[in-house]
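Trainee: Dumping the structure here so I can ask a few things about it.
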Amino acid sequence: MSQFFEYKDTIKEGDLVLAWLSRDNLKPITVKAGEVFNTRYGAFSHSDMIGKPFGSQIAIRTKGSNRFGFIHVLQPTPELWSISLPHRTQIVYTPDSSYIMQRMECNPRSRVIEAGTGSGSFSHAFARSAGHLFSYEFHEVRYEQAKQEFKEHGLLEAGNTTITHRDVCKDGFEIKNGDTTSHEFRGPEETKVELNADCIFLDLPAPWDAIPNLTSVISKEKKVNLCCFSPCIEQVDKTLEALEEEGWQDVQTVEIQGRQYEARRQMVRRLDDAIERLRDVKRRKHEGVEKRQKNVEQTSNNGSSVEATESDKDLKHTEKTHFNPFGKGSRVKEGDSNFEWTQVSKVELEIKSHTSFLTFASKIIDRTRDEEQTKAYLATFKDEGSKLSKREQRRLKAQANKDIQKE
Amino acid sequence: MTKHSGIDPLTQISPNQHVLIRLPSDNLKIVELKANAIVSLGKFGAFRVNEIIGYRFGTTFDIVYDGVEEEFVKGTQTMIGKISVLENRLKASSPALENSSENNRGLINLGSVVQEMSMAEIEAMKREAASGDAIISKMIESHKSFHQKTVHSQEKYLKRKKQKFAKFFTVEYLDSSGLLHYLIEKGDVLRVMDISQESLGMALNLANINSNGQYLCIDETGGLIVYAMLERMFAGDSNSKANGKIVVVHENEHPNLDLLKFSSYSDNFIQRHVKTISVLDFFEPAKEADIKSLFKPLSAEEINDLKSNKKSAYFRRLKWYHNQLSNIEVAASSFDGLLVASTLYLPTLIPRLGEKIHGSRPIVCYSQYKEPLLELSHSLYENLNYLAPSLLETRCRPYQTVRGKLHPLMTMKGGGGYLMWCHRVLPAAEPKLHQETLEKSEIKNSDEEGDEDAHKLDQEKQVIKRRKPNEDNEKL
Ligand SMILES: C[S@@+](CC[C@H](N)C(=O)[O-])C[C@H]1O[C@@H](n2cnc3c(N)ncnc32)[C@H](O)[C@@H]1O
């Protein structure tokens, strides 16, 4: 089983963990006793992680200082992986991938085709949820990297993921004995892999060239769902043409917009306090003027510089006690308990305003039924009533009346 | 449901299951198919269930009345027709578009004058006609200016007419999205807390739902969330060997998972994989000794010796006994994820449930409104047991999908809800430092890398600080 999908409690030697440094800084590490994970926050010994439960916070105190460093060690999931993975290409993020999976009814019985593999972001989510994933990549280096990664992550071992080196536009999706693929053929008698795919995801520049190649590998037993992921509207247009030609139905293009908000606080600043503060400033000024006048009088009276310094102190003193309800002039930390705050949400500084267009379609190859088989099957129900239940009859009657009224 | 003589209820239309029927108007209907029964689609006609059994889900059928003996659904005017399979919905009764003028310049709107068939004629035809197909062809023939329309407006016209007179329908497998669409269309959005398909899908992914997980859940949508989780875990298959389980905590005396009635799992299967428990039993479980002192299971012989009138009472008590023991067990267990769709006050609810979640596992909370999740995020920020609560939103924008005329639809459904996502973590023990030094020291992540990184580091620290006020101090 893959460490991505099999829940574990304690960290063992050889496990892949994601070290969480900050929201946008997660580092995958393979735990090995004696090794050290160096970060700008300090050096974390792998041995400190072994035996700890996943999710533990690991704190270190750096030598010779009173400072601390800490990380959280998490078990990888496809969603965390897609935040932390090394980008070799553009990747599909969770708002898109989760919608695509939900819309294509991806579940443990699904047989998924994905092309190209790219950085393998979506592959992990598919591999978790699907019965089988067939992933294709024509870029040799990327293929090798992804294969190695799938192996390390236990996807290949789990037995439900196959990655194949292939230009799917030119050479289609069939996997034959002798092809460059992670599939291990049982021997010469196994000539090809039965794909029977019912869930197709195409994330490549020219999906219209790949679409005609699907015919021989998609399931004849059930409805097949497809999604093409393309950034440009021109690509969508060409895809629609290909889908129409190939007899795909229920075609619809959509876009997904995901947003993330930060939970923040805004200070509650009341009008009365603002007025009071100005009143205070005015009063101070007034007092200041009076004092200065007194000073001037005094200085001119006896010309002493000592007196002047003292009255300066007086001035400072009034400044200190002035009314400052909003902490003006000092740095106030958001949430400082000396002030009142209201909760606000702030959208990210930069949002992903466009990822790609998602074009969905479906196809049923076999629109017949086995009449004999159906007849035999139905015969086992022959004793079940052919009449509508009383309740159903009442409901229909009411419905019919409503229909009539509407017309 | 077992695979029966080659018919697979998960890919083929079978009796004793609920299916989604898409009408010509694109309206949805959920129907329980019973062998030998008749399904009435109201003004769209009626058909015999047996005629669609065995076809693949997603197949579109036409109801035809050609040479059919006149028979009506009892007590209604709906005639029962015969089934014929259509290639697809689009092609349902669409004659080739031809003779269209390049643009519709020549088209003057003469209203019903252009359409020469009278309503009465159409109605009569609907009764007699072979199919919706024939009616529409006839109408096109009599539509004087049809050929003067452009292809695009011809398509639009056809679609409108087709929806009005066609008698075709598509039978779909009832997956969670289909169920949700049905509820939305029925105006039941509030019942499902206004959740959208995209929010539902994202919640399932973020919560890392898979076949073998043990999940804790609160579902105030009447079972939609649980329905969707079950799909992801077992694909509607009662024969699934996976051992995942959902514990559903509910605030009322009895759970409301009403929507599960549409699923096709066996009762036995549901009992094994879905466990419901009230908040009271979950948070204040009975003591095992108390339960055991109240009831003693009998041996097989002792049961045999019971009088038959005592037997049923015994079995009722036995069921209660097992349920009590299983409640105690559930209340003491830990889970692989928490998925909550609840209107209970979240800042006190989530930490209580979160105690039962293993380290590193995701916590996902759905709400119709952003504000309760905002408040939740603020309170979780201050709790060392939760890592990086995020407030998320996802929206799907549908397009008019016509070649050369692609554009976002002019209107779309608002709402769809929000998600909070975080991970359960286990804070480190108190660091080994003298209290005195601890107080004095400025606790900070140390900077071990060279100066060249200083700028970047500063930025990063700011990011951390901004996102989590006082994080540094709180975390240690
Ligand atoms: C944008 S990336 C896919 C990213 C991936 N979905 C993910 O989430 O990480 C597109 C990939 O498709 C590959 N590709 C492009 N054309 C291809 C073809 N005809 N056959 C196979 N792979 C192809 C590219 O090499 C590239 O790695």
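Please read every residue number as a count from 1 along the shown chain.
Each residue, glycine too, has its Cβ placed from N, Cα and C.
Heads up, here are the entries from Swiss-Prot:
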BINDING   A:S119, A:G120, A:S121, A:E137, A:R142, A:D167, A:V168, A:D203  S-adenosyl-L-methionine binding site
COMPBIAS  A:296-308  compositional bias 'Polar residues'
COMPBIAS  A:310-322  compositional bias 'Basic and acidic residues'
REGION    A:284-335  region 'Disordered'
REGION    A:388-407  region 'Disordered'
Trainee: Among all chains shown, work out which of the binding-site residues A:E137, A:D167, A:D203 has the most CB atoms within 10 A of its CB.
Mentor: A:E137
Trainee: Far apart in sequence but close in space: which same-chain residues, 6 or more away, have a Cβ under 8 Å from A:S119 (S-adenosyl-L-methionine binding site)?
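Mentor: Same-chain residues close to A:S119 (S-adenosyl-L-methionine binding site) (Cβ under 8 Å, separated by 6 or more) are A:L85, A:P86, A:H87, A:R88, A:T89, A:I91, A:R142, A:A146.
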Trainee: For A:V168 (S-adenosyl-L-methionine binding site), what residues in its own chain, 6 or more apart in sequence, show a Cβ-Cβ distance under 8 Å?
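Mentor: Correct list: A:A115, A:G116, A:Y136, A:F138, A:L204, A:A210, A:N213.
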Trainee: Including all protein chains displayed, how many Cβ atoms other than that of A:S121 (S-adenosyl-L-methionine binding site) lie within 10 Å of its Cβ?
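Mentor: Around the Cβ of A:S121 (S-adenosyl-L-methionine binding site), 25 other Cβ atoms lie within 10 Å.
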Trainee: What span in Å does the S-adenosyl-L-methionine site cover, taken as the longest CA to CA distance among A:S119, A:G120, A:S121, A:E137, A:R142, A:D167, A:V168, A:D203?
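Mentor: Output for S-adenosyl-L-methionine binders A:S119, A:G120, A:S121, A:E137, A:R142, A:D167, A:V168, A:D203: max Cα distance 19 Å.
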Trainee: Name the secondary structure element type, per DSSP in three states, that contains A:E137 (S-adenosyl-L-methionine binding site).
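Mentor: DSSP call for A:E137 (S-adenosyl-L-methionine binding site): strand.
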